Amino acid sequence: MAAPALSWRLPLLILLLPLATPWASATVNGTSQFTCFYNSRANISCVWSQDGALQDTSCQVHAWPDRRRWNQTCELLPVSQASWACNLILGAPDSQKLTTVDIVTLRVLCREGVRWRVMAIQDFKPFENLRLMAPISLQVVHVETHRCNISWEISQASHYFERHLEFEARTLSPGHTWEEAPLLTLKQKQEWICLETLTPDTQYEFQVRVKPLQGEFTTWSPWSQPLAFRTKPASLGKDTIPWLGHLLVGLSGAFGFIILVYLLINCRNTGPWLKKVLKCHTPDPSKFFSQLSSEHGGDVQKWLSSPFPSSSFSPGGLAPEISPLEVLERDKVTQLLLQQDKVPEPASLSSNHSLTSCFTNQGYFFFHLPDALEIEACQVYFTYDPYAEEDADEGVAGAPTGSSPQPLQPLSGEDDTYCTFPSRDGLLLFSPSLLGGPSPPSTAPGGSGAGEERMPPSLQERVPRDWDPQPLGPPTPGVPDLVDFQPPPELVLREAGEEVPDAGPREGVSFPWSRPPGQGEFRALNARLPLNTDAYLSLQELQGQDPTHLV
């Protein structure tokens, strides 16, 4: 019968055994309290409280970090009947032994016979349980009858939050306790304070504590050691309000200055004397600027004004004479210059009886404003007869009849007929770059003379108004080379075997301006001169080169 009774009791004991073990552990933990704080450098302070007194038992705190290879142990010392405390020294006081990611396992071990029993255990996060050391080096910087300035320092504070601190201070006055003293809070890192509204010749005590703003379970540091100081006694007969005396002195000085100025100005005897004293230090500008007194009578405004009247700055004069120009669109000019070979070459143009020259008038307009309309350089073309009619005394009567050109009759000054565009070959002769990207052409009137003659219809028919672009082709056979000029008539006559007399000193140069304008003749440009393609000539330069033609 005993065996069956034991068989059903054994499972019941096994079921109750795991329930009894946690109950016993909870009882032990429920009767003790284990609290630790980190001073942010190399110290962990712990306090352990136990309800039941431990008789003749030694206990210690063991620290084991999860990321470090070291471990530390400190002996718990009794603080009261049921409390023990110790400090875990991790290294040098100012060394940074732990960081925000470290977790330290703290255990309270008590000896029971030959074995150590775990009384409490905690996973300690250092930067969530901060308590700094109490401030040190308190000193009185300045003390007066009603005020006192005190400073202090912080020791063993981590660089992780050295600027994120707050302070509390309290002052103990006579007849009160520390608990009754009002708290003065400083919400920033300020290691000084100015105490005001103090009583003269009175003894005070001062304390301060610090707390970092980081950490969930962070608490205030212990209070610093009290600093005793005494205010200065009040002087006998001295006004208790010092600023009132300064105010009275300032007002008295201001009124005295106003009265003195009034008397100096209104007094008849001191008036001229004062003016004489003030005037002797003022220099006379007429001594340095004679024109101010001689011409303007001392009037500074007239002296500084412009010597020219305002009407001289207005454009009231006659506008300068500018050669008539014709500005065409770029696309239209390109078509005019590139498609001239559609019209067959007239015989008169291929006979080298006339030459065509061109110049640009952009150099005449020497100014260019930033906001002005941008217009490309206009090409101005004029045509003249290359060979003038030789005089009878020059001895060229034996020249071939077919090679003598007809003289070009000068145009009247009142006629504004524009010159026609030169042929495509003529453009290549003077400015080969015109075919690639010509500028808008313009025309210029011819010189004045007795007769008046317009260009032949064959030249005018070569400049149609609306042409389509056409690619350039090789030159037409029979047309003379476009690069060389037609030789002068003296060279032609010498090649023909006829005698040609030498030209005089004034006739040896074959420039169009080599003869006076009254002769009614024109000279062709010397073929030996270098070509001036796309040259920028002003109006004065053109008139100086060819006085008989006003462009």
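Glycine too: its Cβ is placed from the backbone N, Cα and C atoms.
Look at Swiss-Prot and you will find Asn29 (among others) tagged as N-linked glycosylation site, backed by sequence analysis.
According to Swiss-Prot, the N-linked glycosylation site annotation covers Asn43 (among others), on the basis of sequence analysis. Cβ contacts within 10 Å of Asn43 (N-linked glycosylation site), excluding its own Cβ and spanning all protein chains shown: 18.
Classification of Asn71 (N-linked glycosylation site) by DSSP places it in coil, neither helical nor stranded. Spatially close to Asn71 (N-linked glycosylation site) yet at least six residues away along the chain are His62, Ala63, Trp64, Pro65, judged by Cβ distances under 8 angstroms. As annotated by Swiss-Prot, N-linked glycosylation site applies to Asn71 (among others), with the evidence given as sequence analysis.
Following the DSSP three-state reduction, the secondary structure of Asn149 (N-linked glycosylation site) is strand. Here Swiss-Prot flags Asn149 (among others) as N-linked glycosylation site, drawing on sequence analysis.
Swiss-Prot lists 393-412 (among others) with the feature region 'Disordered'.
Annotated region 'Disordered' per Swiss-Prot: 433-476 (among others), in sequence order.
For 220-224, the entry in Swiss-Prot reads motif 'WSXWS motif'. Sequence-distant neighbours of the motif 'WSXWS motif' (220-224) (same chain, 6+ residues past either end, Cβ-Cβ under 8 Å): 131-136, 138, 152, 168, 207-211.
The signal peptide annotation in Swiss-Prot covers 1-26.
Looking just at the topological domain 'Extracellular' (27-240), the mean pLDDT is 89. Taken from Swiss-Prot, the feature topological domain 'Extracellular' covers 27-240, and the record attributes it to sequence analysis.
As annotated by Swiss-Prot, topological domain 'Cytoplasmic' applies to 266-551, with the evidence given as sequence analysis.
Under the heading transmembrane segment, Swiss-Prot lists 241-265, citing sequence analysis as support.
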Cα-Cα distance linking Asn43 (N-linked glycosylation site) and Asn149 (N-linked glycosylation site), given in Å to the nearest integer: 32
Three-state composition of the motif 'WSXWS motif' (220-224), taking helix and strand from DSSP: 0 helix, 0 strand, 5 coil
